[in-house]
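Student: Here it is, the structure, as structure tokens.
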Amino acid sequence: MILAPIVFLPLPLMYNSEVGRCAYVVLIMAVYWVAEVIPLAATALLPIALLPLLGIRASKDVCVNYLKDTNMLFVGGLIVAVAVERWNLHKRIALRVLVLVGSTPRWLMFGFMASTAFLSMWISNTATTAMMVPIAHAVLGELKAQRKSKPVDSHRIRESYIQCWYIHIIIYSEEEYQTELDREFTNMEKGLTLCVAYAANIGGSATLTGTGPNLVLKGQIDILYGASAGINFSSWFVVAFPNMLISLALAWFWLQFLFLGPSCFFKRSKPKDADSTNDVIRSEIKKMGPMSFAEKAVLAHFVILAVLWLTGEPEFVPGWADLPFLKKGYVTDASVAICVSISLFMFPSQRPTFLCYTGLSKPRPALLDWQTVQERMSWSVVILLGGGFALADACKASGLSQIIGEALRSLTSLPVWLLVFLLCLITAGITEITSNVATATIFLPIIAELAVGAGIHPLYLMIPVTISASFAFMLPVATPPNAIVFAFGNMRIVDMAKAGIVMNIVCIAVLQIAINSWGYAFYDLGTFPDWARPNVTASV
């Protein structure tokens with residue numbers, strides 16, 4: 001905290017210009033974000049103090065970045081997410097999915113991953129993981145109790161795995177068999193808890209509001225190029241959702257192979273403890289009771305918001321935002337999110353009789369109140385996004401992004417696909433030790449200048465780098481979902497690292513396929529866009 005400003009002080013003294021002073025602020029914030037010497041959101045407030053003092057940007061120009069359209073989009077999405085959490089709708093959805101998929105370990109893993117990924121698309125990855133991990137541990141606890149209550153046949157024969165085209169048979173003593181069962185259960189416990197964190201990280205990448213880096217990209221694009229770049233909820237979903245599905249499927253296969261063993265792919269019989277597992281899940285649903293009026297109302301708001309987001313400006317077909325009575329560009333995804341959010345404060349949480357009154361009784365309470373929002377809202381992320389936008393604006397205004405982009409111009413001699421792959425690897429590596437929002441905030445303006453200077457479509461580099469910032473699977477400190485799983489489970493860092501390094505490679509490989517196939521066609525990445533040409537002129 002003290003050394004960073006002192007160590008970097010020669011930079012603004014030697015280069016007494018806006019560029020040198022802006023670089024000084026960027027380096028201090030980068031160190032503070034990586035080391036977390038003060039809270040991330042507190043670091044994000046530094047531009048308001050430092051940029052005006054150093055003569056880089058006026059205070060009014062800095063502060064306007066903290067509540068931009070993208071920030072309000074996130075606020076609206078978070079308010080809807082708070083309503084979903086308040087009425088436990090997310091838990092009911094997760095439990096229903098688990099009942100549908102069955103009780104074998106591999107299908108339980110599929111159920112946990114599918115429900116976690118879906119919920120992470122709409123509510124925070126941290127909240128989703130915090131809700132799913134206790135459910136996973138309740139199921140695992142029941143499985144463990146059932147296994148301990150059953151006698152062990154000392155001469156039982158088990159087919160362990162198919163090896164070299166023949167069946168390998170092992171005969172265990174009673175003690176050896178029990179030890180083997182304990183080892184298998186420990187592996188299954190690790191797999192079922194780790195799959196929740198990985199599904200949360202992958203699922204959040206599918207929607208524009210699913211995770212912080214996606215919103216950072218939206219805000220950076222708006223600052224650098226304006227709304228004409230075509231990044232909105234529906235256009236992002238077209239490219240990112242299929243990528244998420246493929247990555248999630250491969251993650252499921254890999255975690256099965258690693259923690260359940262190759263034999264899980266060949267087992268077809270129903271395990272004896274499957275019924276007890278179903279009983280645990282059904283008992284959780286029974287505790288929740290029938291679906292309440294409030295849950296149905298929140299679900300309706302949630303569906304309406306998702307449909308409006310997806311059909312606003314799909315790009316490939318006209319959307320409702322193109323209706324003639326709406327001014328072009330006036331109504332955005334943020335407008336929709338805030339409209340639905342305000343409705344949650346008006347709509348009753350109990351079935352009304354007439355205008356929310358029953359005789360002379362008091363009005364029904366609303367689905368959401370401000371006290372609940374104040375307590376559960378992740379305001380720190382809103383400030384973190386604002387700090388990133390303020391920093392990006394300063395880098396652009398001072399010319400720092402342009403200078404760094406020109407310094408990296410030698411990288412453009414590489415084939416574009418290889419350049420994208422290297423940038424994604426670097427981003428995924430750095431985000432293992434620092435906040436993914438901070439990583440995206442620092443990288444994206446530089447990558448935008450690099451792309452424009454080389455005549456590459458900016459989205460060709462920026463989209464995959466943004467998504468790869470969510471691919472942090474190796475360390476507990478990489479993301480909050482990783483940390484939650486590590487704290488709950490019987491997990492070692494080596495277990496997470498062993499599973500995570502393959503996940504990083506696999507997800508980045510899938511991302512390369514996505515951006516060079518349907519993403520390439522959808523965004524016309526082979527053509528340098530007109531909306532980026534003014535930046536070329538400015539750099540010349």
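Even glycines carry a Cβ here, placed using N, Cα and C.
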Student: Between 66-87, 220-241, I'd like to know which one TrEMBL lists as transmembrane segment.
Tutor: 66-87
Student: Test of understanding: applying the rule of at least three C-beta pairs under 8 Å (pairs 6 or more apart in sequence), is the transmembrane segment (381-404) touching the transmembrane segment (32-54)?
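Tutor: Checked: the transmembrane segment (32-54) vs the transmembrane segment (381-404), in contact.
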Student: Which bits of the chain, at least 6 residues beyond where the transmembrane segment (410-430) starts or stops, bring a Cβ under 8 A of a Cβ in it?
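Tutor: Tertiary neighbours of the transmembrane segment (410-430) are 439-440, 443, 447, 450, 453-454, 456, 460-461, 464-465, 468-469, 471-472, 504, 508, 511-512, 515-516.
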Student: Among 66-87, 293-310, 381-404, 442-463, 469-489, which stretch has the most Cβ pairs under 8 Å to the transmembrane segment (330-347)?
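Tutor: So the stretch in question is 66-87.
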Student: Restricting to the same chain and to residues at least six past its boundaries, which positions have a Cβ under 8 Å from a Cβ of the transmembrane segment (381-404)?
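Tutor: Contacts with the transmembrane segment (381-404): 18-19, 21-23, 25-26, 29, 40-41, 43-48, 51, 56-57, 61-63, 65-68, 70-71, 74-75, 78, 212, 215-216, 219-220, 223-224, 435, 437-438, 440-442, 444-446, 448-449, 453, 538-539.
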Student: Between the transmembrane segment (501-523) and the transmembrane segment (66-87), are there three or more CB pairs that fall under 8 A, provided the residues in each pair are separated by 6 or more in sequence?
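Tutor: As far as Cβ distances go (cut-off 8 Å, pairs 6 or more apart), the transmembrane segment (66-87) and the transmembrane segment (501-523) do not touch.
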Student: If we call contact 3 or more Cβ pairs under 8 Å (sequence gap 6 or more), are the transmembrane segment (107-140) and the transmembrane segment (469-489) touching?
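Tutor: Answer yes, regions in contact.
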